[in-house]
Amino acid sequence: MAGGVELGSVSTGFRSIFFMLTPNESSFEKVEDVPQYVEQATPFFIVLMVLELVVGVLKTGAPVVTISDGLTSVSAGMISRLPTLLMRSCELSAYLYVWNHYHLVELPWDSAWTWWLTFLGVDFCYYWLHRFAHEVAILWAAHQVHHSSEYYNLSTALRQSLTQQLTSWLFYMPLALVLPPSVFAVHIQLNLLYQFWIHTELIRDLGPLEWIFNTPKHHRVHHGRNLYCIDKNYGGILIIWDRLFGTFASETDKVIYGLVFPIRTFEILYVQLHYYLYLWKKSKTYKTIIHKLATFSNGPSWRPGKPRLGDHVNNPKVTGKEVPHDPSWSMPLQVYVVVHFLLVLGTYHELIENKTMLSQLTLLGMTCYVLLTLTSLGFIIDQRPRAAVLEMLRCVVMVTLHRYSCIKPFLPLLAVPTEAFVSLSLLYWALQSCSQLLSIKKKAA
Ligand SMILES: [Zn+2]
Ligand SMILES: [Zn+2]
């Protein structure tokens, strides 16, 4: 059915972001034939982010994104997709299992009816998955990553959770009883892709479309920490679910973005995992087992004696004048971080492209290297005391990998400057250590 369509074409890739594919061009018999729409969309993400930056500067006179926040968001997006290097997505694996063992009917994969029914089914399940992710603290521990930016721009869309996929698959299981996996595999991707372009402040109002679709205007509310924004607008592509189930709020006051208690850090593993530790510590403050368990199963704001979702009386008051956290760091440091981020982005791209040709061990090693790099760059942005030591260690690993890795290209053009940089840094580090040692000795004398 879709055999004649050039799936890698610019048009298909671009339209896939806006849910503008027809059933005819996006129906497949086998799961293996379904294109990697999300991976193919990466160039369009970049083009649209640059466009947003340019239009933002022209319109408001200031960039809509900062280096520190933007890089942290893209890093989170990279980390969230690292598990796909080693295994098929949890959602699809679980879906295939339930379909193979328990499906009740087999709707035709090449019918437009099946396609539209799957679209509605996936979006409906996404609404509930998303609502649970906000209303159950242990699920929120995963989903809070997406809300941890105090900015709202296209890069925020990429700020995804590493651990959310461990539970999100559960919500789609009812669909596996009737809807073919190959159709599900298309819609699970299109649903995610649609949610990219709505993360912008530049599109203010879309008129009648606001009634039916989740739009930038509605999703801004979802990312707000103002009282009227909390636990509102969960929809993926359609906003009708929120209107139906009483969770809709329209944009009124200026939205202040981010977590109720902002984390003010760019260290990526902390961004991903800190809330699990917080919940564990919170549960330990309660004496009864019921209260301990409720810490994980009730809403994030719950306290003993409060309703299931808690109340928000202790939230910091939103005045509308809040300024997002942005570290003051020197221009050379910014250039350094950006260059090394681009280098690791190149490595990451190579990994995704060549994943089927590499051994599990190489994949695991390179995954660790990507994680180490992103962590180290986060340490630098945060200007932590140990940032220099960690970065030095990482540079040594990078050069070793470059020399001995079986991943060929590794941005050869940049290999020489990188090695030169590492050598100079090591020299600088050694000199600095010596001068510190000398000054300590002088003081002692
Ligand atoms: Zn959310
Ligand atoms: Zn969002």
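Glycine is no exception: its Cβ is also placed from the backbone N, Cα and C atoms.
The model shown is predicted, which means the values in this text are computed figures rather than measured ones.
Straight from TrEMBL, the features:
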{"type": "TRANSMEM", "residues": "44-67", "note": "transmembrane segment"}
{"type": "TRANSMEM", "residues": "112-129", "note": "transmembrane segment"}
{"type": "DOMAIN", "residues": "116-247", "note": "domain 'Fatty acid hydroxylase'"}
{"type": "TRANSMEM", "residues": "169-190", "note": "transmembrane segment"}
{"type": "TRANSMEM", "residues": "255-277", "note": "transmembrane segment"}
{"type": "TRANSMEM", "residues": "331-349", "note": "transmembrane segment"}
{"type": "DOMAIN", "residues": "333-419", "note": "domain 'Alkylglycerol monooxygenase C-terminal'"}
{"type": "TRANSMEM", "residues": "361-381", "note": "transmembrane segment"}
{"type": "TRANSMEM", "residues": "410-431", "note": "transmembrane segment"}
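A contact links the transmembrane segment (361-381) to the transmembrane segment (255-277), because at least 3 Cβ pairs that are 6 or more residues apart lie under 8 A. In this model, the domain 'Alkylglycerol monooxygenase C-terminal' (333-419) carries an average pLDDT of 82. Same-chain residues lying 6 or more positions outside the transmembrane segment (255-277) and placing a CB less than 8 Å from one of its CB atoms are 68-69, 71-72, 75-76, 79, 140-141, 144-145, 147-152, 156, 161-163, 220-221, 223-226, 229-230, 301, 312, 315-316, 318, 320, 322, 324-325, 327, 371, 374-375, 378-379, 381-382, 384. Distant neighbours of the transmembrane segment (44-67): 13-14, 17, 151, 153-155, 158, 196-197, 200-202, 324, 326, 334, 337-338; these residues of the same chain sit at least 6 beyond its ends, with a Cβ under 8 Å from one of its Cβ atoms. Across the domain 'Fatty acid hydroxylase' (116-247), DSSP assigns 86 helix, 3 strand, 43 coil.
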